[in-house]
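J.: Pulled these from Swiss-Prot:
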type    : residues                                       : note
BINDING : G170, D171, R172, Q173, T174, G175, K176, S177 : ATP binding site
SITE    : S363                                           : site 'Required for activity'
Amino acid sequence: MVNIRPDEISSIIRQQIDKYDQAIQVSNVGTVLQIGDGIARVYGLDQVMAGELLEFEDKTIGIALNLESDNVGVVLMGEGRGILEGSSVKATGKIAQVPVGKSYLGRVVNALGTPIDGKGDINCSETRLIESIAPGIISRKSVCEPIQTGITAIDSMIPIGRGQRELIIGDRQTGKSSVAIDTIINQKGEDVVCVYVAVGQKAATVASIVTTLEEKGALDYTCIVAANADDPATLQYIAPYTGAAIAEYFMYNGQATLVIYDDLSKQASAYREMSLLLRRPPGREAFPGDVFYLHSRLLERAAKLSDKLGGGSMTALPVIETQAGDVSAYIPTNVISITDGQIFLSGDLFNAGIRPAINVGISVSRVGSAAQIKAMKQVAGKLKLELAQFAELEAFSQFASDLDQATRNQLARGQRLREILKQPQNSPISVEEQVAIIYTGINGYLDDIAVDKVRRFVTNLRTNLKNSKPQYAEIIRNTKTFNSDAENLLKSAIADTKQSFV
């Protein structure tokens with residue numbers, strides 16, 4: 001007969017009870033009431049946060065945007081074809097994040113940070129919130145360093161500084177993207193990380209931009225975030241924030257960054273589409289009431305950080321497309337009021353062969369000469385005034401038949417100044433050469449050269465300076481000033497070029 005020992009049995013039971021762990025998994029689950037047009041109405045998610053990520057049964061991710069009393073309006077970040085009415089939705093408890101790191105340089109990714117260039121996965125251990133708070137007042141420093149675009153008209157009259165927000169605005173096909181791409185190409189060797197965000201563009205356009213940057217050797221320090229025209233409105237809406245998050249990683253690590261949002265008109269349209277489908281009340285031009293906040297919270301993330309935070313910077317160049325040159329429409333006026341200046345590209349100038357087609361009259365940089373080296377300040381001071389007076393005289397001279405000699409001289413000078421500011425695409429000019437070109441034009445050295453030969457003369461002068469007067473560029477590069485030695489070298493180069501110029 002088996003001898004039963006009650007004390008042993010009770011100790012075994014006690015041990016089992018001690019080891020028992022009742023793990024309760026609590027998840028916030030809701031039900032899809034309605035689905036269509038990239039929007040889902042979900043019932044039962046009472047504890048969900050604004051902007052929280054939700055997971056549907058088919059693994060599609062959505063963002064909770066509308067929190068109403070009886071349902072939640074969710075925008076889908078994908079096709080969502082497998083989602084049915086009555087299917088379940090789970091709250092993840094997470095806010096949208098994107099992986100960040102140096103591995104993103106030279107890559108093309110979508111709005112969620114997933115590579116779409118066929119070069120394999122990107123390994124990053126760090127992530128950043130897609131929407132993070134902009135640096136505060138104490139964290140910032142005033143803009144004091146230039147970011148050279150390589151475009152003479154911009155660097156001389158509408159200078160851009162590191163940490164500035166400068167709007168590029170104009171009608172379609174006026175060269176807005178070209179200005180942005182030229183600026184990226186000109187950062188070669190400057191230790192500036194560039195992020196190009198393409199919103200609502202054709203895939204072919206993005207592919208040609210990638211090819212251009214690759215040919216010019218600029219893709220190595222650039223990341224491209226693309227939300228193409230056929231992507232859901234949600235991805236077009238979050239793509240600029242993803243680009244800002246990738247750039248912020250480098251900014252907080254003490255590096256200078258440049259972000260181009262091309263373009264924010266399409267982002268606003270995508271946001272309008274989402275808002276109307278979510279039944280938010282429409283305002284002016286059918287945009288929702290918070291469309292200003294859409295752009296301000298994005299552009300306020302651009303900053304020049306204080307030395308305590310590493311002195312990094314994020315320069316933002318948002319692009320806005322106008323309709324028939326109307327800069328007083330809703331989105332253009334909003335973004336003009338948020339940014340620190342604008343570069344206005346005119347269709348009329350573009351068609352007249354003046355490229356880049358910058359309208360100097362209404363283009364402005366609110367940072368001004370703080371974003372220029374001393375050498376540029378010394379020579380470019382008169383340029384904007386001379387061009388403004390020339391534009392006025394040119395309009396007046398169409399009606400007046402006989403003009404005095406002084407007016408004729410001023411018109412001739414103005415035509416030559418306008419000529420030296422013309423520049424072919426993807427051909428940035430170094431700041432030393434820009435100083436030389438402007439000095440030559442402002443001081444009348446081109447007055448005796450025919451207008452149609454000015455550009456050839458300038459090309460010859462640049463070649464002459466590079467080959468026979470390399471000390472000139474060294475002086476400006478090292479001292480950042482246009483001193484008497486540099487001036488004498490330049491005058492000598494101008495004289496030599498004139499002698500050999502036929």
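Glycine is treated like the rest: Cβ placed from N, Cα and C.
Where in this structure would I find these features, and how exposed are they?
T.: According to DSSP, D171 (ATP binding site) is assigned to coil rather than to any helix or strand. For D171 (ATP binding site), other Cβ atoms within 10 Å of its Cβ number 18.
DSSP gives S363 (site 'Required for activity') a coil state; it is part of no helix or strand. Its Cβ taken as reference, S363 (site 'Required for activity') is surrounded by 22 other Cβ atoms within 10 Å in the chains shown.
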J.: May I have the list of same-chain residues other than G170, D171, R172, Q173, T174, G175, K176, S177 whose Cβ is within 8 Å of the Cβ centroid of the recorded ATP site, in sequence order?
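T.: Along the chain, the qualifying residues are E321, L345, G347, F350, A357.
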J.: Return only the integer: C-alpha distance in Å from R172 (ATP binding site) to S363 (site 'Required for activity').
T.: 17
J.: Check each residue in the chain of G170 (ATP binding site) that is at least six apart in sequence and keep those whose C-beta is under 8 Å from its C-beta; list them in sequence order.
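T.: For G170 (ATP binding site), the qualifying residues are K176, E321, T322, G325, F344, L345, S346, G347, A357.
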J.: What Cα-Cα separation, expressed in whole Å, is found between D171 (ATP binding site) and S363 (site 'Required for activity')?
T.: 14
J.: Over all shown protein chains, what is the count of other CB atoms within 10 A of the CB belonging to R172 (ATP binding site)?
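T.: A count of 11.
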